[in-house]
């Protein structure tokens, strides 16, 4: 319900982007001092950029642009004498367009992250910029994104690929923290309801969700061994799967130890099952980036629909494959959760008169990292080759993802043992 109310509140702001000049000069109307509404509008900016990037990846987009008379270099030309195409349409579509759209979004949020450092109160003049002037900020985001298409090729794509990989890794870490926070909040909420009344119903729900998570993890584990390993090869995959299986079992057992239960009575297998399922996703995501195609079958190949696909098409960029779709879903959930968490009724009233309810700078920095994560997700974490005609999988992408799975389990284990180690800290 909170998410729906938040989206409704955000929808009421859209006309403000096109309001009259006096309205625009007065930080837009009405004021956006509500922390949740503001975060949802910035999330809308980011999702708009994601939508544009997805459109640029649609098959046949370059061919359609080249049909526009006098627009593209090497296109159909124009019936008007002396008018020739001057736009490199190859840059406007495919992964090159994704890199530039995400570069524009990333620079916009990074700029605001730097501007909002140490804003402690909504009375700070910079808070007015953060919570208002939406039309001008939208125009600035568009201008930065359009300007990114004028960056010369050179080493831009290669350098930005490694920047994107580092930023996406950091965003995955934020995802892990939010996931663990969500898992603990979910378990605590259901345990409270179970203690308040109708305990059998809530206990059954708790047990059912936990069982489903573990069953999905077990099925994933079996499929990994069947399709991503071979008796005479794929050693790395065997090691990844086995290590993560053992780590998940150890974390699950640890969560129900008497010492852990004594310090955290509401910790349990629900959180462990959710972390285990997410770890399985990260393991699968890492293996889908292996350069060796024998150890990295496509999803269509697994179900037997493209067994005759030519080798030259192994690395065609498609954001709509299984890994990309799951990554987009997790991205959307993470951004939405980070925007509405700690808020039950996001209405457009000032709830930051006494102080900000979240760090403006860190929120923008998170969206900066999210822009890099979505760039890597839409391009399948692939690196362009020397002449930018193909996309190739790289081992650094594999190690980034598999190491993030280990960090996920380590963070969860730390939330279990922290009360035992830091006895003087309050973890309620």
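Including glycine, each Cβ sits where the backbone N, Cα and C put it.
Remember, TrEMBL labels are computer predictions, not curated facts.
Record note: among 239-257, 258-276, 277-295, 239-257 is the stretch given as transmembrane segment by TrEMBL. In this chain, the transmembrane segment (322-340) does not touch the transmembrane segment (239-257); fewer than three CB pairs sit within less than 8 A of each other, excluding pairs fewer than 6 residues apart. Here the transmembrane segment (158-180) has long-range neighbours at 99, 102-103, 106, 271, 274-275, 278, 282, 330, 334, 337-338, 341, 366, 368-373, 375-377, 381, 383-384, 396-397, 400-401, 403-404, 407-408, 411-412, 415, meaning same-chain residues at least 6 beyond its ends whose C-beta is under 8 angstroms from one of its own.
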